[in-house]
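Peer 1: Take a look at the following structure, please.
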C-alpha cells in the first residue's frame with residue numbers, strides 16, 4: 001500500500017495556520033510551564049499532536065487519515081491526563097471513550113471503501129451509486145460530530161479543560177475539535193442526502209444554543225471559553241449543513257487565531273489569581289495585567305464580531321450569504337440567535353473578569369512582561385486583526401455581488417449590539433436564573449451525566465454483571481450444560497457388546513432423517529421453479545404469437561440480456577424458431593414499441609424477481 005498525500009491551496013493554508021498557532025503556543029508554554037519538571041516530555045507530546053494534525057490535513061488515503069485521526073485521539077488523552085489526578089483521569093476517560101465512536105465510524109468507512117476498489121476518497125467516490133454515497137457520507141458525519149463535540153457528544157469538550165492551558169489553546173483552536181469540521185469540508189461532495197443535512201443543521205443549532213446559554217450562567221473561566229468554542233463549532237457545522245463549506249472553513253481559520261489568544265490570556269489570568277478559575281473572585285486586572293487584559297479584550301471583541309476584526313469578516317459574510325439564499329424565516333432566526341448570543345457571553349466574561357470589583361488580590365510578583373508571553377500575544381494578536389481580510393481574499397477570490405437593503409446590511413452589527421445588551425443585563429441586572437435553572441444550564445442540560453458519565457461508568461462497572469452471566473447462564477446453557485446433557489444421554493444407552501452398534505444406529509437414523517428433509521425441501525423448490533417457468537412460457541407463447549411483429553425485437557432483447565439462464569433454453573429456442581422466417585425483412589423494419597402486456601406483466605415481474 002502506498003501512502004498518498006494531497007496538498008492543495010485550502011490544505012496548505014490551513015496547515016500554515018496550524019503551524020503558526022502551534023509555534024505561538026509552544027512559545028507561551030516555555031513561560032507558563034517553566035516550573036514543570038517534565039517540560040521536555042510535554043513539548044514532545046505537543047509536537048506529536050501537531051504532527052498527527054498535519055498528517056490528517058495532507059491525507060488523500062483513508063488509511064493515513066485514520067493514522068492522523070487516531071493519533072489526535074491518543075495524544076489528546078495523554079495530554080488531558082497530564083496532571084495525573086482524579087479529575088484529569090476521569091476527563092481523559094470521557095474524552096477517549098467518546099472519540100472512539102468517531103474512530104469506529106472512520107474504520108467502517110475504510111471497510112466500505114475496500115469494496116469500491118481503493119482508499120483514495122477523491123477519486124474512488126466518483127463511481128459510487130447514490131445510496132453508497134449517502135451511506136459513506138453518514139459515516140463521515142458521525143465521525144465528524146463526535147470529534148467536533150456536537151450533541152449528544154458534547155460532554156467531553158469542557159471535561160478536557162483538565163489539561164494544561166497551552167494544550168487547551170491548541171486543542172480548542174486549530175487541531176482536535178476542528179478536525180471534525182475539516183473532515184466534513186473535505187468530504188462535502190458526499191453529503192447529498194437532504195434529510196441528513198437537515199438533521200445536521202438541527203444538531204448544530206441545539207449545540208450552539210446549549211453551549212451559549214450554559215456560557216451565560218457559568219462561572220469557571222476556562223469552561224466559559226470552552227463553551228464558546230463549542231458554540232462557534234455549532235455555527236461552522238450549521239454553515240456546512242446550509243451548503244456553504246467554504247464559509248465554514250473561513251470561519252474556522254479566523255476563529256482559530258483569536259481563540260488560541262483567548263486561551264493563553266485566560267491561562268495567564270488564572271496563574272495571576274493563584275490558580276483560581278472562578279470569575280466571581282476576579283476583577284480590576286487592567287491595572288495589574290495591562291498587556292494580558294488588552295489582548296484578552298481584543299480576542300473577545302473578535303469573538304463578538306466587532307467591526308474590522310477577524311470574527312467580523314466571517315460572521316458578516318455568513319449572515320449576508322444566508323440572507324441572500326432562499327431559506328425560511330426560522331433558519332434566519334436561528335442564525336441571528338447564534339450570532340447574538342456569542343456577543344452576550346463574551347461581554348459578560350470581560351466585565352466579570354476584568355472590570356468587576358475584585359474579591360481577591362493578584363498574586364505578588366505576577367506580571368505579563370515576559371518576552372515569550374509578549375511574543376506569543378503579539379503573533380496571535382496580529383492574526384486576530386488581519387486574518388479576516390487576508391483570508392477573504394485567499395479563500396473567496398471571486399467577488400460576490402450581495403444586494404441587500406440597508407436594514408439587512410447592518411443586521412450583523414445590530415445582532416452584535418443586541419448581544420451586548422443581553423450581556424450587560426446578565427452581568428449587572430440578573431444575578432441568577434429562577435427555579436433552579438442556573439444549575440441545569442451550568443451542567444450543560446445534563447449532557448455530562450447522560451452522554452459522559454453514564455456510558456463511561458456503565459462500561460467500567462459492567463464487568464461484574466458480565467462475569468455473572470459468563471460464569472452462570474452462559475455456562476449452564478453452553479459448554480457445561482451441553483456436556484452434562486451428553487453425559488446424561490450416554491448413561492441412558494444400554495451397556496454391553498451391543499451398545500456401540502445401537503449408538504451407531506441412532507446416529508445413522510438422525511443423519512438419514514436430515515438428508516431426507518433436505519431432499520424434500522429441494523424437490524419443493526424445484527417444483528415451484530418449473531411451475532413458474534411453465535406459466536411464463538404459456539404467457540410468452542400467447543403474447544408472441546398474437547404479436548408477430550415483435551418476435552425479432554424480443555429475440556434480440558433476450559439474447560443481449562443475462563436474465564435467462566440455460567434452464568430457459570426452451571423459451572429462447574421457441575422465440576428463435578419463430579424469428580428465423582422474418583429475420584431478413586426485420587432488418588429493414590424498425591421494431592414497433594411494446595404493446596400493453598396486460599396479463600403477461602405479472603408473470604414477467606415474478607420470474608424476473610425469482611431469477612434475481
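Each Cβ is built from the backbone N, Cα and C atoms, and glycine gets one as well.
Quantities reported herein were computed from a predicted structural model and do not represent experimental measurements.
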Peer 1: Looking at 72-92, 261-281, 408-428, which stretch does TrEMBL describe as transmembrane segment?
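Peer 2: It is 408-428 that TrEMBL describes as transmembrane segment.
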Peer 1: For the feature transmembrane segment as recorded in TrEMBL, pick the matching range from 334-355, 466-487.
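Peer 2: So the range that TrEMBL calls transmembrane segment is 334-355.
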Peer 1: Counting only residues 6 or more past its boundaries, what in the same chain has a CB within less than 8 Å of a CB in the transmembrane segment (334-355)?
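Peer 2: Same-chain contacts beyond the flanks: 205, 208-209, 212-213, 215-216, 221, 224-225, 227-228, 231-232, 234-235, 238, 269, 279-280, 282-286, 293, 296-297, 300-301, 303-305, 315, 318-319, 322, 411-412, 415-420, 422-424, 426-428.
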Peer 1: Mean pLDDT, the domain 'NADH dehydrogenase subunit 5 C-terminal' (345-493)?
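Peer 2: Residues in the domain 'NADH dehydrogenase subunit 5 C-terminal' (345-493) carry a mean pLDDT of 72 in this prediction.
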Peer 1: Hey, does the transmembrane segment (375-396) touch the transmembrane segment (223-244), meaning at least 3 C-beta pairs closer than 8 angstroms, sequence gap 6 or more?
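Peer 2: Contact between the transmembrane segment (223-244) and the transmembrane segment (375-396): absent.
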Peer 1: Ranking 169-187, 199-217, 375-396 by the number of C-beta pairs under 8 Å to the transmembrane segment (12-33), which range is first?
Peer 2: 375-396
Peer 1: Please work out the helix, strand and coil residue numbers for the domain 'NADH-Ubiquinone oxidoreductase (complex I) chain 5 N-terminal' (3-42) from the DSSP assignment.
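Peer 2: Its residues divide into 28 helix, 1 strand, 11 coil.
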Peer 1: Restricting to the same chain and to residues at least six past its boundaries, which positions have a Cβ under 8 Å from a Cβ of the transmembrane segment (408-428)?
Peer 2: 216, 304-307, 312, 315-316, 319-320, 323, 336, 339-348, 351-352
